[in-house]
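Let me give you the structure first, and then I'll get to my questions.
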Amino acid sequence: MILFRKFRVLILMVFLVACTMHIMIDLLPKLEKRAAGPDTGNGGCQCAHIPSEDAGSWGKQRARSAAEQGWPNKHPLRILQDFSNEPNSNLTSHSLEKNTVAGDRVESFKRMKQFAGAADNQKTLIGAASGGKTVSAPVVSRLSELFEHPLYKTVLPTITDEDALFNVNTDIRFYPKGAGNPEWHNEANVEEEEEYTPTGEVTAETYPNWLRFHIGINRYELYSRHNLVLDALLKDLVTQRITSVAMKSGGTQLKLILTFQNYGQALFKPMKQTREQETPPDFFYFSDFERHNAEIAAFHLDRILDFRRVPPVAGRLVNMTREIRDVTKDKKLWRTFFISPANNICFYGECSYYCSTEHALCGKPDQIEGSLAAFLPDLALAKRKTWRNPWRRSYHKRKKAEWEVDPDYCDEVKQTPPYDRGSRLLDIMDMTIFDFLMGNMDRHHYETFEKFGNNTFIIHLDNGRGFGKHSHDELSILVPLSQCCRVRKSTYLRLQLLAKEEYQLSRLMEESLMRDRLHPVLIQPHLEAMDRRLRLVLQVLAVCVEKEGFSNVVDVDDNHRAGGGRDTATHRNPGHR
């Protein structure tokens, strides 16, 4: 009996020694890092976020809680493939781009300085008044100069209640919880939340930026040229804490709906291809991946063209573990997360075509780029009407659309509502030019706000299939322009301005895109392709003017902004070409 007790004590001692050794082994590396902290320059701080450690710890946590969390105990063989070298993985993005990003930034700044002009370069160093010190002269912003040009200073008609999407005082009622402003919380702590109608006591400046953006939408524009809310909203898109994630239904590729701390929402398109990857010439336009950087660049191009029909878009680097997996309540999305053999976090979600292990989205190890497009007002508050693009493609591998085989197709369109009156046909021509500059062949539908009827601008949504090719210009996109030979005068004059050396489109785009967190958004060949395509647009219009005459091609729109008003102009003979 005594021997048995001694044996139990011996076993207990061995167990304690083993536990002590394990603890020492775990603590030793941390103690070494702390001791080496001052020498290595990090001050011994161990609170910094290390993505690779998160990925590893998440793998251990997943293994421990597999049964209770519902993760599959076994993965199919294909899930364990290494997706780090797939075209849709951003591992190649980091390996290709991080090595060149510094060089790209340097080149960008060099080009910006050259673009400032010879006169500005002569004044690079200015003697300080206090002595021999020299200071650098500020680089001239051509983008700011562009927006100060008379062509960008046209005045809108007076906005009436009928022209505003929302009548702030009567049409919308706000709820404290939905507003995200701590000043609006019910002080009485009543269970039922009070309705708030904005009055003089609660000014629009206290609303969250996404709400101020919605309130500013009117018949003529999504946002005004110099709206300070726009920059604040773009900042929110990249800084606001993500509180909820869900998959967007429909579509051929995975898109996520992100909800922020201030109750704003954005559509997240994750990175699938690197900026250098050009779409192969044999790809059908409907088979290509959507590009997150195309969504960002499209917003900036739309703003430079002064259309202002693309909702605000910004690039953001998202932590897939903390900002997607840990906050989503969508079990279908959550179950598609896995760790690749390269120790990268991956997921693929659910969608019509490109949501499978072969098209998984992988971070490095858990960081992924993406575009965030601000949501338009909820359909329950502001209904939108979807229109089929008259020059929609057949989306068939062998058949062609009617407009591709009928040279007089535009005459038929001009006799069909809503293109037989008002400015809708001119809006289609604007959209055609916009798509051609991007190389976007996937414009099958467009939308308008139902409140404004047919007399309003069209919204340029879903631009992810632009900027896929820079070595080829898809001239079929320009067919509507060459068939109809119609263009809005303000658009025509701005295109001519952007073709000039002092307002070169590619350099303005480069300057504008430098403000985005994911700069460089476009590689140089894509920027240069826009200049080439702009010249082609002007050549098509020049042929039209020579054939039809200037007054029959260029529509005067001096009294109403692009996008039309109630009495917009130019009701020509429907048969006129």
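Yeah, the Cβs are placed from backbone N, Cα and C, and that goes for glycine too.
Feature table excerpt (TrEMBL):
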- 7-25: transmembrane segment (TRANSMEM)
- Gln253, Lys269, Glu290, Ala373, Ala374, Phe375, Leu376, Glu447, Asp462: ATP binding site (BINDING)
- Glu290, Asp462: Mn(2+) binding site (BINDING)
- 337-553: domain 'FAM20 C-terminal' (DOMAIN)
- Asp442: active site (ACT_SITE)
- 557-577: region 'Disordered' (REGION)
Give the distance between the Cα atoms of Glu290 (ATP binding site) and the residue listed as 'active site', rounded to the nearest whole Å.
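With the alpha carbons as reference points, the distance is 10 Å.
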Asp442 (active site): which of the binding-site residues Gln253, Ala374, Leu376 is the nearest Cα neighbour?
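For Asp442 (active site), the spatially nearest of the binding-site residues is Gln253.
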Going along the chain, which residues six or more apart from Leu376 (ATP binding site) have their CB under 8 A from its CB?
His214, Ile217, Pro311, Ala382, Arg384, Ile459
Out of Ala374, Asp442, Asp462, which of these recorded positions shows the lowest number of other CB atoms within 10 Å of its CB?
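Among the recorded positions Ala374, Asp442, Asp462, the sparsest Cβ neighbourhood within 10 Å belongs to Asp442.
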Quick one: give me the count of other CB atoms within 10 A of the CB of Glu290 (ATP binding site).
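Result for Glu290 (ATP binding site): 24 neighbouring Cβ atoms inside 10 Å.
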Just jot down the residues in the same chain as Gln253 (ATP binding site), at least 6 apart in sequence, with C-beta under 8 A of its C-beta; none if empty.
Lys269, Lys272, Phe289, Glu290, Cys351, Tyr353, Tyr354, Cys355
If you average per-residue pLDDT over the domain 'FAM20 C-terminal' (337-553), what number do you get?
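The average pLDDT of the model in the domain 'FAM20 C-terminal' (337-553) works out to 94.
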